[in-house]
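Please read the structure below before turning to the comments.
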């Protein structure tokens, strides 16, 4: 156990400059920082989650096993006969009457009808829109610290801590912040400010979405809105229904407190409601109120969200009408959700509370990377059997089975491995690049993306969209995966048949995946938050 704990720790030596006073004045000083890192979650896999993934695969694809057997048996029987013998058996020796033929056709038609009707309708993504705030809300890292200092809400130690976070955050100098958080000696987390911030973002994204899709708000049958920290009464979904005068029988839902992974949860809920109600069209709105994540205190664990969260919103139009296939961009293939809330450390890893001065804020635990790693391990282990090619599944499952049956041989720490390395000394790490062409990983921070890339064996180009979204817009919470997909579309990289993996994680602790397949080539859109700067990436991130 001690050895396992030690493997999860990383050390970092920091130069703190020259001691200004005291007996050691003029001497250089250093400090050693010890912190947890993201576990190498592909080195240890719980077999029950592999079984869960195969259960999902088999329960939705029994016909994949039965049809080949039937074809094989019939093919062997027919293949043993010559053409003349086959013709004689079908037409010469067999006798047919009208009743037999009609009965056969009726049974065939009934079977096909039952099969078609029992299958859930596919859910298509017609289009989506991402909110681009006004230019006057842009804030650079230097301006962020300057405005925070002028607000009078922070001491110098808190400002220095936030400055260090910003320097290594991966966020550029053009992300967006509501100016109310920098107002001197004022409480920004008011209902008035929250409603103003949320309505501005949501209505802008929805206006663009309805215009792009040529859809009237009254045509929408399902509405799902997610915002983690700002949950007024009436709800945000009611605010949208009122603003657009939507129909009275709309199925509206408002998800709160579910963190940055709530966007995928909202997609899953909208899909279920479309399939259950046959409503036709569903709109999903993912946003966050930055003014309610802002913390003007001194506790460092609660200052972290200040440095990362930025304004953003995304609106998505889904449909389960077959006639919308020709204008849709993507088809939803899979949604896999993982919840680690039963574990106390996971539950408290992202926790809203008051500090010693009774100032409310969002506390980020030191265990977050480790908790997130375990949630990711569970999620991708369940997702793997659904998306990986058979060859990858075979090698991966053989490695898992070996480690499960012979734990003593598998307990020896293996050397670093790369995807596709099937050496006997190390577990086989599946190559997810063979399952997906595009990756939209939640842009939480630079460190998280680097750990994800290392553990999943991804290339720099695979996480280009995530790093670009983080640099240009910051951590926009549940909408970040849509800014990343918008980046891929603005680059013109999405082609017919391409598979997109959206992965997000958030408080609770939850890790959720959505898999989309492009039903056509997605051309560069005429309206996108990236149009004025997409050609500057990825070079701009290295500047």
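In case you wondered, yes, glycine gets a Cβ from its N, Cα and C as well.
Range 250-270 is the one annotated as transmembrane segment, of 250-270, 271-291, 292-312 (source: TrEMBL).
Only 260, 442, from the active-site residues 260, 339, 438, 442, place their Cα within 10 Å of the Cα belonging to residue 475 (active site). Per Cα geometry, 260 is the residue among the active-site residues 260, 438, 442, 471 nearest to residue 339 (active site).
In sequence order, 465, 485, 488, 493, 494, 498, 499, 500, 501 are the residues near residue 438 (active site), counting only same-chain partners six or more apart with C-beta under 8 A. A Cα-Cα distance of 13 Å separates residue 471 (active site) from residue 442 (active site). Counting residues 6+ beyond its ends, the transmembrane segment (250-270) has Cβ neighbours under 8 Å at 123, 220-229, 231, 235-238, 240-241, 277, 279, 282-286, 314, 316, 318, 332, 335, 337, 350, 442, 444, 475, 477-482, 502, 504-508, 510-514 in the same chain. Across the active-site residues listed here (339, 442), the residue whose Cβ sits among the most other Cβ atoms within 10 Å is 442.
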